Amino acid sequence: MNRTAIEQAAQFLKEKFPTSPQIGLILGSGLGVLADEIEQAIKIPYSDIPNFPVSTVEGHAGQLVYGQLEGATVVVMQGRFHYYEGYSFDKVTFPVRVMKALGVEQLIVTNAAGGVNESFEPGDLMIISDHINNMGGNPLIGPNDSALGVRFPDMSEAYSKRLRQLAKDVANDIGLRVREGVYVANTGPAYETPAEIRMIRVMGGDAVGMSTVPEVIVARHAGMEVLGISCISNMAAGILDQPLTHDEVIETTEKVKADFLRFVKAIVRNMAKN
């Protein structure tokens, strides 16, 4: 939680961006296409930004995109960092700290996730109502910098009730069926076993993945309002009698691309108005 490193990265970006972004977006596996919709786009590879890690996963482009989306000034992570890549939680969540330093107050996080709830189908979009941190760690462990947030942040509303309602209203308006449920984060990179999925279901999980929770914890610590959306890219282990592959994840996110774009763009449009 090095404030100097955060400020260096933010200063570098402030010199590139004409105004402060209002909304930050983090795009998960195969969902980076949203960044292509941004107008007056300024694209900056992660490797150019001081102190930024670099994404190593297929389906993650590895650049920050600033510009206009549906009437809002946004900054978008096209490709995120994962704990399983060998980064510390501090590095995984560093971009969220930088977004806050740039002036972002609202964050939309997206991911590809395995469906644990047996009523879900691949291609469903799920509004995250809450999460379970099953990663065995927390990005806030260590000394707390009170300039960045309080020592013991409240997580009773990790995902903004207001933004969840806004997203449900938007889905209704555009005629899109969306789910709502609890996202469980594991470290990965191995997919879960059928026994682990049964455990997650008993714990109250509806979808499972390997990201999002660290970023959300840090966003809440920083006082940001958060909306989370999972694309159910496959059914989790043991539900269907077939092995899981990353290719399947990318394939499903390709199919659901149009719905995802429509949904997130309409959400941003409504957030810009409110």
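Heads up, the Cβ atoms here are built off N, Cα and C, so glycines get one too.
Now, the feature entries from Swiss-Prot:
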- Ser29, His60, Arg80, Phe81, His82, Ala112, Ser211: phosphate binding site (BINDING)
- Glu192, Asn234: purine D-ribonucleoside binding site (BINDING)
- Ser29: phosphoserine (MOD_RES)
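Here the features listed in Swiss-Prot are placed on the structure.
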residue	record	DSSP class
Ser29	phosphate binding site	coil
Arg80	phosphate binding site	coil
Ala112	phosphate binding site	strand
Glu192	purine D-ribonucleoside binding site	coil
Ser211	phosphate binding site	coil
Asn234	purine D-ribonucleoside binding site	strand
Cα-Cα distance linking Phe81 (phosphate binding site) and Asn234 (purine D-ribonucleoside binding site), given in Å to the nearest integer: 21
Alpha-carbon distance [Ser211 (phosphate binding site); Glu192 (purine D-ribonucleoside binding site)] in Å: 14
Proximal but sequence-remote residues of the same chain as Ser211 (phosphate binding site) (Cβ under 8 Å, at least 6 apart): Gly28, Arg80, His82, Asn111, Ala185
